[in-house]
Amino acid sequence: MFLPKKVLLSTITKQCCLHTNKKEFSAGVAVNSPTKRICIVGAGPAGFYAAQYILKTLSDCVVDVIEKLPVPFGLVRFGVAPDHPEVKNVINTFNKTAEHKNFNFFGNVTLGKDISLQELRERYHAVLLTYGADQDRELNIPNENQPNVLSARKFVAWYNGLPGEQHLNPNLSGRSVAILGQGNVAVDAARMLLSSVDALRKTDTTEYALEALSRSKVEQVYLVGRRGPLQAAFTIKELREMLKLPNVQTIWKPDDFTDVPAHLPNLPRPRKRLTELMLKSLSEQSSSSSSNRAQRRFLPIFLRAPKAIGENEIKLTVTQLQNDTAIPTDKIDHLPAELILRSIGYKSTCVDGGICFDDRGGRVFNENGRVLKDATSKSVDKGLYVAGWLGTGPTGVILTTMNGAFGVAKTLCDDIISNEVDTSSTKAGSEAKQYGRVVTWSHWQRINQAEIKAGERLGKPREKIVDVDEMLKVAGL
Amino acid sequence: MAFAQNLVRCSIKAAVSKNHFSLAKTASNFGAYQLSTQFNSLQPLRTFSIGSQLHQDVNVTFLRANGQKIQAKGKVGDTLLDVVVNNHIDLDGFGACEGTLTCSTCHLIFKVQDFEKLPDKASDEELDMLDLAYELTDTSRLGCQITLTKDMDGLVVSVPATINDARSA
C-alpha cells in the first residue's frame, strides 16, 4: 500500500512528463521522488513483454530499453518467417507498451561497448538482461567451416535483413540442400527454399533475398534428425503448412516409421496428432507418388547424425534409438548437398565481463530469472535479472518467451515491492545525449514509415533497411 | 467508452478475413486506462452501433485460476476474444496474434456440457495451436474461434492458470 502523499507525488511527476518531450528528456531529470528506474537490455519479445508487466505493476517507475540495433523487436523482426506475418501481430502490443509515457527506447546502444553493465547498475535500481541468443551451436565435425556450410540462423537473418548478414550470398546453384536439425527454424529455412518466389514477393522478405531465391536451382531439401519420428522437434503447424505448400511434395522414408504406429495409443495428444499427421502423409505418398509430379521435394530424414562434410555431400552416421537417445551405429549413409544449413540450436554470448555467464550452456546463470553472483554459491546478484533465451536457452515459441518474461518481471517487481531490492536512493537513469547517435522511439517511427513506404512501391508490407548507417540517416541522426 | 468499444468491435469484424494488417486490438493493460480517461465524454455516441439483430447481449463469466470471476457482456456474433478485448479485461498477453490462429494465448477451458454444445468443432488448425497451449484439457478451445450465440448467455469459461495466474492477484 502506498501513502496518499506518494500517490500525489507520482501523479505530479507523470503530468510533468506529459508536458515535455518525453523521449528526449524524461529520463535522468532530477526529481525529488524515488522514481524506480529499470533498464532492460534488448528490445525483443522478452524485453517488451517484461516492460509491459513492469509498467503495469510498479507505481512511479520508468522503464528504459537499450537495444544494440537502431530498430526494435528482435526476433519478431529478424527471426519470424516473412510468410508468417500474423505472428508479428504481437508488435501491436509492443507498440502500446512503447507509447506508455514512462517507457523510453534507446536504440543503437550496445551493452559492453557504449555502456558497461556496472555503469547501468549504478544508473538503475534494477537491470534486466534480455539480449537473446545471437550465436549458433556447432556440430564439431570435419570440414564444418567449408563455405558451403552455413548456419540456419545466418540464413534466416539474411532473408530477414539483419544488418551484417546481407552479404551472406548462400549458394543456391545446386539441386540439393541438407538442413541438419529438425526444429521450427530448420522448417522455416526449408519452406523459404521450397516456396514459390512469387508468393514470397508479397511478404517482407528483403529484395536481395528474393532476387537470389528467384535464381535458385534448389529442387530438394533434406531435413535431417538424429532421432526418430516420435522425437521430431518441429511442431504440427509447421508440418501441416509444409504438407500444403503448392508444388512441393513431402516424401518420408517408410523404414523410419516401422515401429511408430505401435506407440500411437500411448502418446500425449500433441505428440499423437503430430505423429498421426506424419503417418497420414506417409500413407498418401505411397498411393500418389507416381501421379504427383511436384517440382520440388521436402525430404525429412530420421535416425541420422552428421559425421563429416564431403564435396557436395554430407556423410551421416546411422543411429539407433535407446530410451529416446540416438546411439550411433557403424553404418554410414550419404546425402547429396551442395548447400548445408546447420540448425541445431542457438546460444548466447557474454557481452560484458560483469555477467555471470555459463559458457558451456551459452546462457546466463540464474535462478528463476535472478542472475547469480557465481555459478557455485547460488547467491543472487541483487537487482540483476535475465529473461528470454539469454536465461532459458533457445527453446519455445513466443508464447513461451511471453510467459517466461512475465514471470521474471513479476519476480523483479516483487523484489522491489518487498524492498529486497532497494529503491530508496535516486537513480540517474539514461539520457539520450550520453550515448551519441541514439535512436529514440520517434526516430524509429521515421525508419518504420520509410520502410512501409518503400514496401508499398513493391507491393509488400515493408522493405527493410538493412544497413545501420542508412537506418540512422533515415532516422535523421 | 462505448464509442471506443464499438470502434474496436467494428475493426475486429473488418479483420475477420485474417488480414495481416488487422486493426484489431489485443487485450491491453494500457488500453483500459487510456480509453476510460479519454473517451468518457463520448458516452452519448452509443448509437454508432451497426446492425440490430446481431446485437443481443450475451453474458459471459471468465473464471481466473485465483478464483476471481470477471463478468462481461458480449454480443451475438462476437468471439470470446472480442469480449475480452472490448471489455478491456486485464489478461496479460491474451490474444497475442489477434485472432489469426498463430498462437494459443486465448486458450480457454469449457465445462464439459458447454463444450459439447458448441456449434462448431475445432478445426485442425485450431487443434494444432491448442497442442502448444499450457494446461491443455479435453474441453479446451481458443477464444478467437468461439462465436457467441444467444444460447451461450450465462457461459462460464476458465482462463488457464499458467498464462494469467495468480501473479496479479
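Cβ coordinates come from backbone N, Cα and C, glycine included.
Predicted, not measured: the structure shown is a model, and the values here were computed from it.
Lifted from TrEMBL, the feature list:
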{"type": "BINDING", "residues": "A:Ala46, A:Glu67, A:Leu75, A:Leu111, A:Trp389, A:Gly396, A:Val397, A:Ile398", "note": "FAD binding site"}
{"type": "BINDING", "residues": "A:Gln182, A:Gly183, A:Asn184, A:Val185, A:Arg226, A:Arg227, A:Glu238, A:Gly396", "note": "NADP(+) binding site"}
{"type": "DOMAIN", "residues": "A:37-224", "note": "domain 'FAD/NAD(P)-binding'"}
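Within the set A:Gln182, A:Gly183, A:Asn184, A:Val185, A:Arg226, A:Arg227, A:Glu238, A:Gly396 that the record links to NADP(+), no two Cα atoms are more than 20 Å apart, and one pair reaches that distance. The most densely surrounded of the binding-site residues A:Arg226, A:Arg227 is A:Arg226 (count of other Cβ atoms within 10 A of its Cβ). For the pair A:Trp389 (FAD binding site) and A:Val185 (NADP(+) binding site), the C-alpha distance works out to 15 angstrom. Distance between Cα atoms for A:Val397 (FAD binding site) and A:Glu238 (NADP(+) binding site): 12 Å, as a whole number.
Looking only at the domain 'FAD/NAD(P)-binding' (A:37-224), the predicted model's pLDDT averages out at 97.
Considering only the binding-site residues A:Gln182, A:Gly183, A:Val185, A:Glu238, no residue lies within 10 A of A:Ile398 (FAD binding site) on a C-alpha to C-alpha basis. Using a cut-off of under 8 A between C-beta atoms, the binding-site residues A:Leu111, A:Gln182, A:Ile398 that neighbour chain B are A:Ile398.
Its Cβ placed at the centre, A:Ile398 (FAD binding site) has 25 other Cβ atoms within 10 Å.
Residues near A:Ala46 (FAD binding site) in space but far in sequence (CB under 8 A, at least 6 apart, same chain), listed by position: A:Gly74, A:Thr130, A:Gly132, A:Ala387, A:Gly388, A:Trp389, A:Leu390, A:Thr401, A:Gly404, A:Ala405.
In this structure, A:Val397 is the one among the binding-site residues A:Leu75, A:Leu111, A:Val185, A:Val397 with the smallest number of other Cβ atoms inside 10 Å of its Cβ. The secondary structure of A:Arg227 (NADP(+) binding site), as reduced to three states from DSSP, is coil rather than helix or strand. Taking Cβ-Cβ distances under 8 Å and a sequence separation of 6 or more, the neighbours of A:Gln182 (NADP(+) binding site) in its chain are A:Leu223, A:Val224, A:Gly225, A:Ala232, A:Ala233, A:Phe234, A:Pro300, A:Ser343. The distance from the Cα of A:Gly183 (NADP(+) binding site) to the Cα of A:Gly396 (FAD binding site) comes to 10 Å.
Distance noted between the C-alpha atoms of A:Gly396 (FAD binding site) and A:Asn184 (NADP(+) binding site) is 10 Å. Neighbour counts of Cβ atoms within 10 Å were compared across the binding-site residues A:Glu67, A:Glu238; the minimum falls on A:Glu238. Under the DSSP three-state reduction, A:Asn184 (NADP(+) binding site) is assigned to helix. Reduced to three states, the DSSP call for A:Glu67 (FAD binding site) is strand.
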